[in-house]
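Worksheet for the structure shown next.
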């Protein structure tokens, strides 16, 4: 094992029994051969479960939608990339030459994906308890800063934060119709996001309100919120 990987293990607070799992977790799809995408898929599921379980225990009075919003804040790409930078994770990534030249080792989505892959690798290496312990340790500061006040955000903000947590493109809003007299108009808006096959719709007495209604409909369609808040 190289000295550099030993240093990373110290930063992560975990020593791998199977070094190949660690190396695979650090291998981007631009690199020849096997890559970390499957481990990322597994790590994402574990991260969401561990964060959800911890929030369920920490906020016993919170409603389902509030818990979902708190979790989205915890697991969003921005948060994961910040953690990854704290581990200097970019220095250890295996990237293809093109990705390396374009600065992929600094890219938020690549760093966040690699951290999720490491969570998946730890799970395969030592089981759920080891993965849970690392996730909770890494997110201690973020957990301690959360309050239910964080859930009092408008639907557009909540939708944007959810999409950012999944490293997805931001929603696109379009006014498709305006009806009524100038002093009493109704705006009709469509919200398009890549995760949904159909556009979400909203209407209101202003464009802003119609966009908020469309964003709320998108959150329900995604299964993030149930509409009974």
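Counting starts with 1 at the first residue shown.
Even glycines carry a Cβ here, placed using N, Cα and C.
Some features that Swiss-Prot has for this protein:
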type     : residues     : note
DOMAIN   : 5-127        : domain 'RNase III'
BINDING  : 40, 113, 116 : Mg(2+) binding site
ACT_SITE : 44           : active site
ACT_SITE : 116          : active site
DOMAIN   : 154-224      : domain 'DRBM'
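Distance between Cα atoms for residue 44 (active site) and residue 113 (Mg(2+) binding site): 8 Å, as a whole number. Non-local neighbourhood of residue 116 (Mg(2+) binding site): 39, 40, 43, 44, 47, 80, each in the same chain, at least six residues away, with C-beta under 8 Å from its C-beta. Ranking the binding-site residues 40, 113 by how many other Cβ atoms lie within 10 angstroms of each Cβ puts 40 at the bottom. A Cβ within 8 Å of the Cβ centre of 40, 113, 116, the residues given for Mg(2+), is found for these other residues of the same chain: 36, 37, 39, 41, 43, 44, 112, 114, 115, 117, 120. Residue counts for the domain 'RNase III' (5-127) by DSSP state, with H, G and I taken as helix and E and B as strand, are 90 helix, 2 strand, 31 coil. Around residue 44 (active site), a 10 Å sphere centred on its CB holds 21 further CB atoms from the protein chains shown.
Helix, strand and coil counts under DSSP for the domain 'DRBM' (154-224) come to 27 helix, 20 strand, 24 coil.
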